[in-house]
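In TrEMBL this protein carries:
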TRANSMEM  B:27-47  transmembrane segment
TRANSMEM  B:59-92  transmembrane segment
TRANSMEM  B:104-123  transmembrane segment
TRANSMEM  B:129-148  transmembrane segment
TRANSMEM  B:169-190  transmembrane segment
TRANSMEM  B:221-243  transmembrane segment
TRANSMEM  B:255-288  transmembrane segment
TRANSMEM  B:300-320  transmembrane segment
Amino acid sequence: MSLAALDRSPETVVAPLLVMRGITKTFDRTRALQGADFELREGEIHGLLGANGAGKSTLSKVISGHHAFDEGEMVYRGREIRLRGTRDALNIGIAIVMQETSLVPDLTVLENIFLPELGRPGRLNYGALRQRGEEILESLGQQDSLPFDWEVRRLSSAQKQLVEIAKALGVRAKLVIFDEPTASLSPGEVERLFDVMARLRDSGHGLVFVSHRLEEVFAITDRVTVLREGRTVMNARPTADLSQAELIRAMVGSELGAIYARNEETPEIGGAIALEVRHISALPVVRDVSFSVRKGEILGLGGLVGAGRSETAEAIFGLRPRTGGEVLLGGKPLKGNSPKTAIRAGLGFVAEDRRTQNIVPDLSVKENLLIAHLGAHRGFFCGYGARTKRVDELLAKLGLPGDRLLDASMLNFSGGMQQKIIIARWLLLEPSVLILDEPTKGVDIGTRASIYAMLRDIAAEGVAVVVISSDFEELLGLSDRVVVVSDGRSIADLPSAMLDEEKLTLLAAPRTSMARNTALLNDLTREHGGAGFWALIENDSLICLNAVVNDPALDPGFRAGEARRLSETRLPTALARREGTFVAEASGGRTTLVVPMTSPRGHDLGWVGITLREGGTLPAPEAIKTRIDTMAATL
Amino acid sequence: MATTIAADPATRPPFVKKLARRLEVRMILLAIAIAACLSVLSPYFLTHSNIFNMLDQSVVIGIIAVGMTFVILTGGIDLSVGSVAGLTGIILGLAVQHMPVAPAIAVAVAAGAFIGLLSGLLINVFGLAAFVVTLGVMAIARSLAYIFSGQTAISNIPESMQDIVYTSVLGIPSNVLFLLVLYALAWAYLTYTKGGRTIYAVGSNKEAARAAGLNTLFYSVVPYVLASALSAVAVTFSIAQLLSADPLMGNALELDAIAAVVIGGASLYGGRGSMIGTLIGVFIMVMIRNGLNLMGVSPFWQGTAIGTIIIVALLAERLVSSRVNR
């Protein structure tokens, strides 16, 4: 404490809160960290970047005491320490806010915030706890935003995150790690989180922000450290001195661009429809999802974590009971609700979690490769013999371990190799449709590129491929077309070429934020008649996020989730000019106001438009602009 | 998850180490070591007649351990097999009063299979804990055994039943032969058939097995049916030998069977184990008990001795396996 007090004097350089040097960590045979360095000061937000599998999560979990490091040095507030567990870390003021929250769903918000206190002997004073909880929320500028008496299971993911943050402050944490905190948040919720983080920084906390979304890193961090293949390749550089290109180069190394490289000639996707999904639901998560994929096409299913993409795939495949809708494979309806019927009809599914959903650890690599065959096989014996030749062919083609390693355990291989074996499991059956859920999760960057190439080859051979990914860059780089899922509904179906990560983020926003926008459009159109919309506009094309039509005669010519060239809409003039005043169309009869929508932090959120009958009294554009800005602030 | 240390082809383990990695090989060595100790302690241990005596004693526990291996491979447990043996024994004893031996045995085995089906469905369809369901069935079956038998042994069993045990083929008693054939069949089933591999996959990772299209429900229930049906088969051999059906038959047999399966290297979490291992486990259990009897150890002390030997053997195995598998 006295040390920290000394460091506060203005002349001294800010002493680092935490220094990690030469950290190594090996899991089984995988070297997750091989000499990582990291330094964090008080009162800063430090971005920890790296591609999937670079070791950033492992490093955060070493700092938070989840993993013990093998070699290296960890100095916290000037003293060398070695944590034996998360409790040690919490005791000295290190806390982590994780993707999968560590909350107890059946306890109340208040009990969760003060969970560490529940382990102490003696009686609990709920009144005092409640008061402290209120103080904590106030210090975050979030007073009254958490119902203390609710069970945590009823909260939204953003609220759960706030509980986690409050919990960290409840034990007076000085260092808080945010591990991919924005993965399941809407743009508005992200802004609120950044406000909270900024307040924590200003009150002298040291924050680690783990992410792979570059625009967020630039928005919030003071300094950046980049990891690649378990090593620090960029150490604590001020964010202001960096360019996006520099960061990307540091993250992926020299092979940038090659990863998503397509074959030069764009493949002709005119094949027959292989899989058609019509309004399927699997309540409560999947409500209404429709899409179709052609032979040889790669379709991306995008959306936030928790939007229901994995559940949709499970419902199609029969792992989750469907409560409605239809699945057609090659035009024929898929009857029955079990993976076995789906597999026999030509469907393959690589589930998200390799360890719990795909790998059978006690069976050899060979049997893991053949297990989908076993599921599809009819007969008393295994029928492995008939597949021997095909197995050899596949092994050779995919660069998988040869005969000698077939008897080994799956767990001896790296994540990328395991994933290839699991994909090969399905290729063996020559499926007509292959669905992959987060195919590169936990796969190192080198192997990722080869998995992408593998998926392209699979598609080129006429298989319809459906890829689910939370990594929007990967989704856009890989797929020909993207279907966006939000709150269990498919809300857009657009070619990848029209999209970028930012547009996808806005499209994927949960319906709660869309509801406020819809309410505003409803109010405006009810007051003035006509139609309203919210759209992203770039060059000469538009992607509609939301549309409300009160007066059918004024239909703008596009609906939510649709993309149009501006000239193809019924409002070409107004959309092209976007002048902040009502602009009448040449075709007559209607006049349209199009105004930009920006978040309080200056983030571009697209354009809101309102179309009214020409000749009526027009409302003042400024008044409408103000209402839109107010709405944007709460989005 | 960055780089993987590739398995280097130059450092392939030598043959001996490879052999030592096989659990069965280590268990056979353990069995031989125990046999050697006992033969030093008691000169009678390795005589021809004692060996046949031990084989004879292996039959009942051995048959029950087959079903138990199947159940444990799926990650389940069946505590009811001893009581089901008692109940089906009484059913057999009552049935032979009214019909010839063969159909009576069929009735008893069918009754056993039915009880197993109920347990299996309760566990896998309704998602109840295997431990609790079979604990309940254990109590019910034992109680019904007393009620059906009128609390006494049924002793008027036709003597023709003895033929089941006291015929021998090529010098091997028929019950021992049955045991060996049963193990060979069970081993082949688990190794070479779709059902057998599914049972391993279910125990190792049920969710992955289901996602691969395997019929996980069916093959989670089958082991319970088999275990209870085999309890009836096992008790048939007992009754044929004693010519009496006692409601107390099979008491605590489930514990011996579980111990044999676990000594044989099966994991109680499922997915790991083998018929060969279980057979060796059965032999180790029988040898220890037989040796203690030969040395005249008081029956009251035998429990302590057996328990200690089991725990020490498993501890030693754990230490050895962590060394050779490195």
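Just so it is clear, glycine is given a Cβ too, placed from its N, Cα and C backbone atoms.
No contact links the transmembrane segment (B:59-92) to the transmembrane segment (B:300-320), because fewer than 3 Cβ pairs that are 6 or more residues apart lie under 8 A. Contact between the transmembrane segment (B:255-288) and the transmembrane segment (B:129-148) is absent: fewer than three CB pairs lie under 8 Å, with pairs separated by 6 or more positions in sequence. Sequence-distant contacts of the transmembrane segment (B:104-123) (same chain, at least 6 residues past either end, Cβ-Cβ under 8 Å): 76, 78, 80, 84, 87-89, 91-92, 95-96, 98, 129-130, 133-134, 137, 141, 220-233, 235-236. Residues 263-265, 277, 280-281, 283-284, 287-288, 290-291, 294-295, 313, 316-317 of the same chain, all 6+ positions outside the transmembrane segment (B:27-47), place their C-beta atoms under 8 angstroms from a C-beta of that stretch. For the transmembrane segment (B:300-320), the residues of the chain that approach it from at least six positions outside its boundaries are 20, 23, 26-27, 30, 259, 262-263, 265, 284-285, 288-289, 292-293, judged by C-beta separation under 8 angstroms.
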